[in-house]
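Visitor: Sharing a structure with you now.
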């Protein structure tokens with residue numbers, strides 16, 4: 001029994017493990033190009049069943065703890081492997097041995113406490129390696145990256161345990177585009193550890209304290225293009241002039257990101273600018289200045305300039321003691337060579353006039369997202385301020401008057417580009433004054449609802465996007481580029497107002513159409529962006545847009561951003577794909593064709609009615625309907641005649657002199673109804689015929705060639721035909737006065753023809769000896 005239980009337990013474990021592996025494999029989603037996504041799937045191991053078809057594998061943000069030698073051995077074509085944000089603590093020696101095509105490897109933020117060079121010995125084409133955020137203290141006992149000749153991006157270190165950098169650590173690396181070292185607790189830096197790298201385009205250093213910063217600078221200053229310092233407290237930073245003064249430098253850019261300064265350490269950094277002569281650009285991003293700006297007692301006055309720095313960028317500068325801050329007059333002399341300054345989102349409300357006057361080389365000034373107003377701008381743009389300034393950006397400040405803003409900037413004689421977007425101007429005056437060389441103006445997101453002659457006529461580029469404009473009727477003879485998206489325009493501007501326009505972006509308005517003629521009127525237009533509008537996909541619009549093969553070269557957002565809004569059955573479709581029916585596009589032609597078809601149908605109907613006696617059928621139908629209103633069969637008391645006689649006028653002699661004499665003078669006499677004698681004068685002939693036939697017991701037809709051609713006889717025969725058809729009786733008596741071909745009786749009298757074919761009729765004998773028998777038979781037929 002225990003053995004049976006043991007066997008069952010083993011099989012259960014095998015089944016569960018198989019199901020688990022199957023579940024993990026199924027948790028990957030792979031596309032046809034070999035890109036497999038398995039991130040954030042709660043995987044605790046690398047899925048089995050991976051093949052050579054996998055080219056990119058993302059297993060980040062899972063719970064994987066172990067990478068074995070066989071886990072990836074079939075992925076011989078793998079180029080990208082992401083294993084970041086797992087719990088990996090062990091990677092076997094040959095885990096990546098078969099990945100000879102691997103170019104991107106991310107092992108960041110795991111639990112690796114030891115690194116092995118054997119992991120990378122076959123990764124000759126590896127270009128990107130991220131080892132950040134693990135638990136190792138050093139980069140291994142041997143040179144870790146000596147087998148990676150093509151490595152371009154390397155990220156190493158962590159924020160806690162990584163404390164040592166040794167000379168062997170980066171041996172074998174010659175050129176790096178980016179090197180990131182996270183070493184907040186760095187305690188040991190062996191000189192020349194980074195010296196072996198001949199060129200580094202961008203070095204990112206995470207250092208909590210600046211103790212070893214100068215030592216690192218000594219090693220890299222001749223091989224580095226850009227140094228970025230992150231998360232560092234520079235309160236105790238001291239720059240040693242002797243350490244770098246005699247060395248050639250290649251550093252062109254310094255970036256300080258989330259760095260804390262004091263007045264003292266800031267002066268030390270300024271000294272660095274002087275001695276590292278190659279620095280052209282300095283950037284401070286999200287930094288904090290823990291001081292009051294009192295640099296006079298710190299020998300800053302002995303520094304005459306900022307070295308060769310031409311570009312200064314400051315973003316999100318925090319000054320906790322802002323209200324105690326000095327006037328910065330001590331740094332004015334340092335700014336003479338600076339050409340480009342950006343101070344963004346730093347609560348700047350004023351640039352002192354003296355500082356503006358010292359910025360004699362300044363060509364570009366960006367004061368976006370600050371607190372500048374017309375009152376403070378007046379002081380900043382004082383006489384002789386920024387004499388060579390060409391571009392001024394005052395985006396998202398507190399400017400309110402467009403007229404006053406333009407007037408205050410008249411002192412800037414060389415200004416040609418002005419960005420005052422995202423200020424609340426609301427309206428535009430009729431006239432304004434601007435610097436004489438103004439060529440570019442940005443008024444986007446300023447809530448203006450109309451444009452006036454306030455705009456300078458010298459403009460070549462105008463941006464009025466994201467406002468409340470519903471029309472554009474300004475004459476700007478030199479304008480080359482117009483940006484007017486996200487407004488309320490219903491049509492394209494008049495080309496005669498903009499004779500040299502080459503670029504127009506007018507997307508997301510309420511334009512519903514434009515024509516070939518409109519586009520052709522812009523003779524120099526090369527770029528048009530008009531997507532995101534509510535286009536009415538009319539036949540003309542579709543014919544124009546779908547028939548112009550070269551349209552895609554002008555419409556930069558064609559075809560995806562051009563969608564139909566109407567008609568409803570094509571709403572949401574791309575204009576390029578929309579199709580309308582023939583009736584929608586050629587309505588006049590369709591109506592004309594329909595009218596012609598209707599005329600032909602009527603003509604054909606008329607011909608057929610004439611050919612097949614359709615008019616007769618309609619007349620008889622009307623007569624029959626009238627007859628249907630009356631009793632189906634008249635009561636006996638309404639029968640006034642023994643017989644109604646239908647005959648041709650040309651046969652009247654035989655009827656009136658022979659038949660009437662024989663029947664009405666017979667004893668007992670027969671009462672006959674003759675149209676000449678008994679029809680009621682003034683009554684409609686059809687009614688006379690109907691009444692006479694209905695009041696007669698029988699109807700006698702005296703058939704002859706004359707009868708067939710008689711119009712009167714036709715009416716009598718017509719209604720009699722309907723009576724025979726409707727009542728199905730034998731009230732008709734046919735007398736053949738002379739031999740007549742049955743074919744002479746019209747085809748439409750099918751019932752009468754049938755009677756002649758199936759029943760006997762009386763034939764008037766030419767032989768007088770047989771005439772007495774004829775009358776005898778006729779009287780018998782009438783009585784029947």
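Using N, Cα and C of the backbone, Cβ positions are placed for all residues, glycine too.
Among the features that Swiss-Prot reports, ubiquitin cross-link is placed at 754, with the record citing similarity to another entry. Under the heading domain 'TIR', Swiss-Prot lists 639-782, citing sequence analysis as support. Residues annotated as repeat 'LRR 1' in Swiss-Prot: 54-77. Look at Swiss-Prot and you will find 78-101 tagged as repeat 'LRR 2'. Per Swiss-Prot, repeat 'LRR 4' is recorded for 126-150. Marked as repeat 'LRR 5' by Swiss-Prot: 151-175. According to Swiss-Prot, the repeat 'LRR 8' annotation covers 224-250. Annotated repeat 'LRR 10' per Swiss-Prot: 279-308, in sequence order. Residues or ranges marked as repeat 'LRR 11' in Swiss-Prot: 309-337. What Swiss-Prot records for 362-388 is repeat 'LRR 13'. Swiss-Prot lists 438-457 with the feature repeat 'LRR 16'. What Swiss-Prot records for 458-478 is repeat 'LRR 17'. Residues or ranges marked as repeat 'LRR 18' in Swiss-Prot: 479-500. The repeat 'LRR 19' feature in Swiss-Prot is assigned to 501-524. Residues or ranges marked as motif 'ATG16L1-binding motif' in Swiss-Prot: 761-778. Here Swiss-Prot flags 1-20 as signal peptide, drawing on sequence analysis. Taken from Swiss-Prot, the feature topological domain 'Cytoplasmic' covers 609-784. Per Swiss-Prot, transmembrane segment is recorded for 588-608, and the stated evidence type is sequence analysis.
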Visitor: Quick one: average pLDDT across the repeat 'LRR 1' (54-77), no decimals.
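Guide: That region's mean pLDDT is 94.
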Visitor: Six or more residues beyond either end and a Cβ under 8 Å away: which residues meet both conditions relative to the motif 'ATG16L1-binding motif' (761-778)?
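Guide: Answer is 654, 659, 662-663, 700, 703, 733-738, 755.
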Visitor: Give me the DSSP three-state residue breakdown of the repeat 'LRR 1' (54-77), ordered helix, strand, coil.
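Guide: Taking each residue of the repeat 'LRR 1' (54-77) in turn, the totals are 0 helix, 5 strand, 19 coil.
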Visitor: Tell me the residue counts in helix, strand and coil for the repeat 'LRR 5' (151-175), as DSSP assigns them.
Guide: 0 helix, 9 strand, 16 coil
Visitor: Summarise the repeat 'LRR 16' (438-457) as counts of helix, strand and coil residues per DSSP.
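Guide: Secondary-structure composition of the repeat 'LRR 16' (438-457): 0 helix, 3 strand, 17 coil.
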